[in-house]
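Student: Could you have a look at this structure, given as structure tokens, before my questions?
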Amino acid sequence: MIATRTRHILWPVLPSVRWYPLRVTSGLLLIDKAQDWTSHDAVARTRRLAGTRKVGHAGTLDPMATGLLILGVNSSTRLLTYIVGLGKEYEATIRLGAATTTDDAQGDETARADPASVAAITPARVAEAMTALTGDIEQRPSAVSAIKVDGKRAYARVRAGEDVVLASRPVSVSSFDLLGEARTDGFLDLDVRVACSSGTYIRALARDLGAALGVGGHLTRLRRTRVGPFDVADAAGLDDLDVAARLISPADAAGRLFPRLDLTDEQATDLGHGKRIDVSSDQQLPPLPAGPVAAIAPGHRLVGLVEYRGGQARTLVNFPTDADA
């Protein structure tokens, strides 16, 4: 009888791999952020769905807020710098009759008005107070904000027990409209629509409106409906999001944000190599814009953002091709 030896094969132990779907190309995503999601949550989810870590946002939304969050994917993150400072529009509910530590419903109540004082507030008084908060105003941001104080976020200092009072800053509220109102449990709830400059805090508007009426106020609902030319009606939720299908191409996105310069193939090649190009008279936009211009190559490809200098255009920001994004 012949003895046999069992041979054990030792297979290599492979490192765990996080699966990503097929990598998508560059573009902007309009996300309708759900309540309780942080902006970082939305970015992290999109990174997994898109199969790339090159995802950023054009301005945060508080966890309690819903609505439009603009994300850039791959090279289109270069457009986000130009979106952050655009005007915004919100719909919100302001509760009059109580003030909170955070100027919204997530904070602790610091003062509550007598119900009779709230009941005495007339539509005319509300309209007068809202008008006073419209236009170019000085606004003190809420203490619980992302503004840095000596290198540390204001909200982090508040959570650490510090008393934080931020300096007022100029903002512009182009419209502050009352959509409806309801009285309940000694409070007056105002549904409003606000169009404002970047950097305006709707929580601070709620606080200041309540203070002007002598009863205190805070925000109970906030929804961002517009950023520049982008509307929440065109946004999608993150559940089962098809990133590739929802991407706004770099050329389309830049075309909404800037004047457009249509290039020849030769001009596109020269700009891609960092050269200045001569712009013919029939290509120039009258009057010549002072800011960035979207340079679009044949095939509807964004080559970059350029600026005019005399009769020439030079690159401010270049954009890789989709293959290199």
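Placed from the backbone N, Cα and C atoms, the Cβ positions cover glycine too.
Below are the features I grabbed from TrEMBL:
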type: ACT_SITE; residues: Asp62; note: active site, nucleophile
type: DOMAIN; residues: 47-202; note: domain 'Pseudouridine synthase II N-terminal'
type: DOMAIN; residues: 203-246; note: domain 'tRNA pseudouridylate synthase B C-terminal'
type: DOMAIN; residues: 258-320; note: domain 'tRNA pseudouridine synthase II TruB subfamily 2 C-terminal'
Student: Just how many other Cβ atoms lie inside 10 Å of the Cβ on the residue listed as 'active site, nucleophile'?
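Tutor: If we count other Cβ atoms within 10 Å of the residue listed as 'active site, nucleophile', we arrive at 23.
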Student: Which state, by DSSP, holds the residue listed as 'active site, nucleophile': helix, strand or coil?
Tutor: coil
Student: Mean pLDDT, the domain 'tRNA pseudouridine synthase II TruB subfamily 2 C-terminal' (258-320)?
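Tutor: Taking every residue of the domain 'tRNA pseudouridine synthase II TruB subfamily 2 C-terminal' (258-320) together, the mean pLDDT is 85.
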